[in-house]
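Taking it in order: structure first as structure tokens, then the write-up.
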Amino acid sequence: MTFNGWLQILIYIGILLLLVKPLGGYMTRVFTGERTLLSYVLGPLERGLYRIAGTDEREEQHWTTYSISMLLFSLAGFLMLYFLQRFQASLPYNPAGMTSIGPELSFNNAASFVTNTNWQNYGGESTMSYLVQMAGFTVQNFVSAATGIALAIALIRAFSRASGKAIGNFWVDLTRATLYVLLPACIVMTLVFVYLGVPQTLGPYVNATTLEGAQQTIAVGPVASQLAIKMLGTNGGGFFNANSAHPFENPDAISNLIQMLAIFAIGAALTNVFGRMVGNQRQGWAILAAMGTLFIAGVIVTYWAEAAGNPLVHALGVQGGNMEGKEVRFGITMSSLFAVITTAASCGAVNGMLGSFTAIGGMIPLINLQLGEVIVGGVGAGFYGILMFVIIAIFVSGLMVGRTPEYLGKKIEAKEVKMAMLAVLCLPAGMLIFTAISVVLPSAVASIGNPGPHGFSEILYAYSSAAANNGSAFAGLSANTTWYNITLGVVMLIGRFLVIVPALAIAGSLIAKKTVPASAGTFPTDGPLFVGLLVGTILIVGGLTFFPALALGPIVEHLSMIAGQAF
């Protein structure tokens, strides 16, 4: 660890914090229907879309109608993406002549991109046509991210409104998230990435002659436009198989910094949106402080582990940190920071190979996934995810003082706690049950690339990534098989929709309750005591569940490494 490394980390955190208030203020105006500078340009387009769709922007929906709208929209996107892949060979914009995709992989990819996971059991530049990349994956990158933002805003309304029955209009929230938040930012980012050297073309792959006289095919395509929403929407699926480690997706330190900021920008700003909409910005800062505490702890441990390196390599006389699987242009500091950011959010993009991290360095990204992607998390998804833990923390505090728990004047009762626990527990169920089956199923074990505890970690990481809708992987696992394509797809759907529906049910329940004025006995939720309680709840409820599994994987691998054994 070096002073320069810590300085880079502090600069990143400082810039991110500077973005929170202005972006949060802008998003608040967007979702409360106030005019913004972009309203003069995008307002007519927005109203035109409502007329075409037959949507009345003033008509709000009950939580069940909101949920059904979201589920039907997701189903339509799933089917469209599935059939685009199945008929890829017959469709235009396929200059490389890519063949159609099989049913199992098409199912996995459709589930992956609709759920904002972007798990990739394929190499983009060698498998997918331009049409599928643009009309399929990039479109889903936008709408899956917009769906997450819409759902977070709906849940915020449940706390911010004194009483009512409706939580908003899904179609309006989806449209505004896309038009006013994602699209403008992505246009600017795309232009910046093109300036930095990221390709953006519909032309065919380039054939080149190397210095040795051999022929080489250089994959290009509409990379920059997909890269922008891949990061801002915390999608993570790369145009290239190497993802953001590829020089065409991440040319230099500037592009790397922009991508890291984009991953956290909207998720962090949503805490400010929450504070503004409930009328007390300290509430939002308290939640961001809890997220930040866990994030900084993860960065410290990962950076320390990777900078310390591998003692087995040191024994050979090679000193220094662990550079295996890392790009020299980023080094240990930016690779470690990127790994924690991408797994703290539900992004999954990587600028280095996580499976090549040390056992402890790789365990932190795994823990981030298993906590349920609540450390900033995906756009929208991270915020409604951490609100589930907020409800549980408030319930625990109520038990300790012997009074009915309240949060922002809304009584937290049995229904809300049950729904929150359902949302929290469905993730470890999906992660652990399918991991247990896979380690005893011969066809699943055959896909492991490394023996011993690291092989177990590869499987555990795969299902943790799928359930958390992250998409990153310990790439030693050969997951493009029928078993993994189907089961990982199912786990992705569980991790997305068995969290969303309970969250919307909570929104519907809370919005119907009248706001109760704060009293002397009300537990303060905007100070350090609440931050500590929330962090403790996340670690105990979300973290201890996985300790036995972690003991079988990265912990025993680390102890074995110290004892002189590698896997």
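Note: Cβ is positioned from N, Cα and C throughout, glycine not excepted.
Residues or ranges marked as transmembrane segment by Swiss-Prot: 5-25, 64-84, 136-156, 179-199, 254-274, 285-305, 328-350, 375-395, 421-441, 459-481, 486-506, 529-549.
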Who are the chain neighbours of the transmembrane segment (328-350) in space, where the CB to CB distance is under 8 Å and they lie at least 6 residues beyond its ends?
2, 4-5, 8-9, 12, 116-119, 230-231, 234-238, 243-245, 252-253, 256, 259-260, 263-264, 267, 291, 294-295, 298-299, 302-303, 306-307, 321-322, 357, 361, 364-366, 368-369, 373, 375-378, 381-382, 465, 468-472
Same-chain residues at least 6 beyond the ends of the transmembrane segment (486-506) with a Cβ under 8 Å from one of its Cβ atoms are 63, 66-67, 70-71, 74, 104, 107-108, 110-112, 114-117, 119, 121, 151, 154-155, 158, 167, 381, 384-385, 387-388, 391, 415-416, 419-420, 422-423, 426-427, 429-431, 434, 437-438, 462-463, 466-469, 479
Top partner of the transmembrane segment (375-395) among 136-156, 254-274, 285-305, 459-481 - counted as Cβ pairs under 8 Å:
136-156
Against the transmembrane segment (529-549), which of these stretches has the most C-beta pairs under 8 Å: 5-25, 421-441, 459-481?
421-441
With Cβ distances under 8 Å as the criterion, find the stretch in 5-25, 285-305, 421-441, 459-481 that has the most pairs with the transmembrane segment (254-274).
5-25
Which residues of the chain, 6 or more past the ends of the transmembrane segment (285-305), have a CB below 8 A from one of its CBs?
1, 5, 9, 13, 20, 268, 271-272, 274-275, 322, 332-333, 336-337, 339-341, 344, 357-361, 364-365, 367-368, 371, 374-376, 382-383, 386, 390, 525-528, 530-531, 534-535, 538-539
Intrachain residues whose Cβ lies under 8 Å of the transmembrane segment (5-25), provided they are six or more past its termini:
257, 260-261, 264-266, 268-273, 275-276, 284, 288, 296, 299, 303, 307, 331-334, 337
